Amino acid sequence: MGVEGCTKCIKYLLFVFNFVFWLAGGIILGVALWLRHDSQTTNILYLHLGDKQAPNTFYIGIYILIAVGAVMMFVGFLGCYGAIQESQCLLGTFFTCLVILFACEVAAGIWGFVNKDLVAKDVKQFYDQALQQALQQDLSDSDATNAKTVVKTFHETLDCCGANTMMAISASFIKNDLCPKEKTLLETITQGQLPQDCHKKIDELFSEKLYLIGIAAIVVAVIMIFEMILSMILCCGIRNSTVY
């Protein structure tokens with residue numbers, strides 16, 4: 001015997017929420033793949049300074065996001081099917097998956113909030129190390145060339161120059177030709193514009209992406225709370241209809 005009355009409305013409401021949840025999983029998966037292959041982050045995080053690779057903390061978070069998106073799509077499908085079939089077993093499995101996913105999201109959110117500045121900090125340290133080597137005169141030709149390539153990639157990708165403005169207009173930068181070549185440094189200063197600070201640009205690059213991830217996580221958490229409530233109500237309704 002199928003559910004009737006308000007419980008039937010809850011059944012279709014749960015189906016709609018699960019469909020939205022499934023779509024949200026697809027969107028998160030798509031955004032994660034876009035962040036993974038974004039030209040700015042890829043250009044920077046694929047760099048090598050000698051034997052040292054650029055920090056990959058950001059990519060670890062992205063891989064977790066890809067996994068979360070895929071799991072959300074599976075759980076959303078499970079919830080849709082369980083709601084339509086009025087299956088207590090499927091809905092119970094769906095509810096358990098939701099609780100686990102919600103707990104993982106809360107844990108990831110706390111970790112992300114505590115370490116929100118870690119990604120940018122690691123990348124800035126990597127940039128500073130490459131910059132220091134690029135300006136040194138006692139390095140071998142291969143090491144100096146590698147360091148200059150890393151620094152120029154940062155500068156061209158982020159359209160910046162130097163760890164700060166005063167460093168960018170110093171004689172050592174002009175001598176080593178490390179700033180982007182779209183305009184000469186002299187032309188830029190003459191027009192009343194100073195080179196952009198690379199530390200600031202790195203902060204902006206990763207803070208914008210982390211902000212986007214944060215919004216997506218909050219929206220998904222709200223949907224999950226509603227789904228857990230609706231699935232409990234629907235399970236109770238199915239149980240009562242079976243009894244009667």
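Quick reminder: no glycine exception, Cβ is built from N, Cα and C everywhere.
Remember, it's a predicted structure, so these values are computed and weren't measured experimentally.
Here the candidates are Cys160, Cys161, Cys235, Cys236, and TrEMBL names Cys160 as the disulfide partner of Cys198. Take the candidates Cys104, Cys179; TrEMBL pairs Cys161 in a disulfide bond with Cys179. On a Cα basis, Cys198 (disulfide bond) lies 6 Å away from Cys161 (disulfide bond). Note on Cys161 (disulfide bond): other Cβ atoms within 10 Å of its Cβ, all shown chains, come to 27.
Cys179 (disulfide bond) and Cys198 (disulfide bond) are 11 Å apart (CA-CA, integer value). Cys179 (disulfide bond) and Cys160 (disulfide bond) are 7 Å apart (CA-CA, integer value).
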